[in-house]
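Read through the structure below, which is laid out as structure tokens, and then see the notes.
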Amino acid sequence: MAGTRGTKRRQGPELESEPEPEPEPLLEEPSFCTSAPSHGDGRDSGLSDSEESVFSGLDDSGSDSSEDDGHDSVKGTEKTTGEQAQSRPLCPSTEVVHMGNTDEYAEDSSDEEDIRNTVGNVPLEWYEDFPHVGYDLDGRRIYKPLRTRDELDQFLDKMDDPNYWRTVQDQMTGRDLRLTDQQVALVWRLQRGQFGDESFNPYEPAVDFFSGDIMIHPVTNRPADKRSFIPSLVEKEKVSRMVHAIKMGWIQPRRPRDSTPSFYDLWAQEDPNAVLGRHKMHVPAPKLALPGHAESYNPPPEFLLSKEERLAWEQKEPGERKPSFLPRQFSSLRAVPAYSHFIQERFERCLDLYLCPRQRKMRVNVDPEDLIPRLPRPRDLQPFPTCQALVYKGHSDLVRCLSVSPGGQWLASGSDDGSLRLWEVATARCVKIVPVGGVVRSVAWNPNPTICLVAVAVEDAVLLLNPTLGDRLVVGSTDQLLSAFDPPKEPTLQPARWVEASEEEHQGGLRLRICHDKPVTQVTWHARGDYLAVVLATAGHTQVLIHQLSRRRSQTPFRRSHGQVQCVAFHPSRPFLLVASQRSVRLYHLLRQELTKKLMPNCKWVSSLAVHPAGDNIICGSYDSKLVWFDLDLSTKPYKVLRHHRKALRAVAFHPRYPLFASGSDDGSVIVCHGMVYNDLLQNPLLVPVKVLKGHVLTRDLGVLDVAFHPSQPWVFSSGADGTIRLFS
């Protein structure tokens, strides 16, 4: 700038009279006077004062951090550039020389980068692990400023420093720079998409260079080109190609459009004999009903309304009036006036035809026999019980339960008359009557053929009876087995008490009495005959107890209850116990002591339970007249739900050998079904109802209370509320 001003002074007097522009402020720090001559250094003595001041200014500004930081450990003091500026007086003569002899473009940079950092084009990421960033002109390192502040310090600076928002970090030197107001305004203008120069007006009025006014002189007087008078060779070649294409027929001329409208017959190309889909689905509009006697101009007297009827007709809603008009009587047809509602009725008729959708539903021609599943005929599924063979009479009250001996020769039944009766199956003869002194809720014959025992649930006790029927060796071995028990020296605390029968009770057949705190509702044996499970009419985890006959021990298998238990059953071959509550059936593993599966029968109240002899299928009866079949290998949901009974189901049972199962209901019937379970796991069970057996008389709105199959024959026993037991064979 100084050199420029000097040049302007040497020009003519016209330029000297103009006001001198103010010098632009220097971005660099002002150089300071140094008293030491340049000859004393190891530098070149041929440099002028101005050049030396230039290098000294760069040296002071660029190497402050490197020199001061390098001598901190020796001197123990730190001098910044500002302190040097205060301690040293400014030398105006040196500054004038510097301004006058230095090229103003020598330090210019297009990217406005700090020239003190001479790192060049090396990426700054390379210096992330080094304490310096680049080198100065003398080859000394430019150290990074110390960054000992953590995020908490930065946050405090952000809260305390009001100019924190305008402070940025220089990536070349690592220093913090504070933007001026002009620089902040420039950044805001650039972020808004405006021009950097605030004085620039992008919407200046345009100069209409070519106007519609006729001027004396032309805008341009350049002579026309020669090519504007000579035909173009390129266009000639294009035209020749197009002419050749027209001759060869590659380019066809456009046909003139026919302005006449094109109407055609929509069904001209169709076969008139074919039945179209839209014709087939066409539904003609319903015709109006023909006028009757009430619409006549001279109706019969019975169609005319009286005053009371007319008043009642007028008080009704228009849509509820029948008829929709008032019949009137005229002397002649000429006296009939115009119908006042004619236009309204015609309009409503048009709305009905236009807005009311009409569709013809095609009738599905399906044979009803095809909708019924293909089931085998019942005669092909024999044998199964078909008729009533014997009636066992003797009980004076309803017979709640019955059980058949393992050999099939004897039958035990319990009744509300307080007695247990033993019958001979073949002859229906009552062999023995055992008074128990209470209502018999459940009877179960021991399934082991080498043990002759009958478990009877009476009130709060389970009686173990030896009926002394059949083989005497079996009867004797049973008594010997029970008498061989050696009680432990220290009795353990059990949920039930085992009591030996007295001499008088022993003569009647009673051997043991298992006493409980609550009434017993069901008793059932394990397949081996050593364990039996009982269900108590109580709430809590003590509803189910398991007793061991050989050791005379009782245990509670559950720690908590999952609802009111209805019945239980042992798995025939695996250590599983099935517990049926009102809404679900749970399958427990007795050895692992864990829940294996939970079945959801989707019934309101489960009443009975039976397990298939193979153990993979179970059936449940419910009080809402449903019989549910579960396939344990298939799902926890029912495989099939049978609704053959009209009333509640009381009992269900499987046949031990034949593919049969039966259900007894309060409607007085026993339904026998064929249930074939295949060894092939890919084939589902076949369920076919084969016979409905009737014979019991409804008493107290109760029918069949229990059913049981013969162990070897296709016979079924049923006990009813009428006090009889019936055998169907």
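In case you wondered, yes, glycine gets a Cβ from its N, Cα and C as well.
Copied over from TrEMBL, here are the features:
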type: REGION; residues: 1-97; note: region 'Disordered'
type: COMPBIAS; residues: 1-10; note: compositional bias 'Basic residues'
type: COMPBIAS; residues: 15-27; note: compositional bias 'Acidic residues'
type: COMPBIAS; residues: 61-70; note: compositional bias 'Acidic residues'
type: COMPBIAS; residues: 71-81; note: compositional bias 'Basic and acidic residues'
type: DOMAIN; residues: 127-385; note: domain 'BOP1 N-terminal'
type: REPEAT; residues: 392-433; note: repeat 'WD'
type: REPEAT; residues: 642-672; note: repeat 'WD'
type: REPEAT; residues: 704-729; note: repeat 'WD'
Contact set, same chain, for the repeat 'WD' (704-729): CB under 8 Å, 6 or more residues outside the stretch: 383-393, 395-408, 411, 413, 415, 423, 425, 428, 650-658, 660, 662-666, 668-670, 672, 693, 695-698
Number of helical, extended and coil residues in the repeat 'WD' (392-433), per DSSP: 0 helix, 25 strand, 17 coil
For the repeat 'WD' (642-672), residues assigned helix / strand / coil by DSSP: 0 helix, 17 strand, 14 coil
Arithmetic mean of per-residue pLDDT over the domain 'BOP1 N-terminal' (127-385): 83
Counts of helix, strand and coil residues, the repeat 'WD' (704-729), according to DSSP: 0 helix, 16 strand, 10 coil
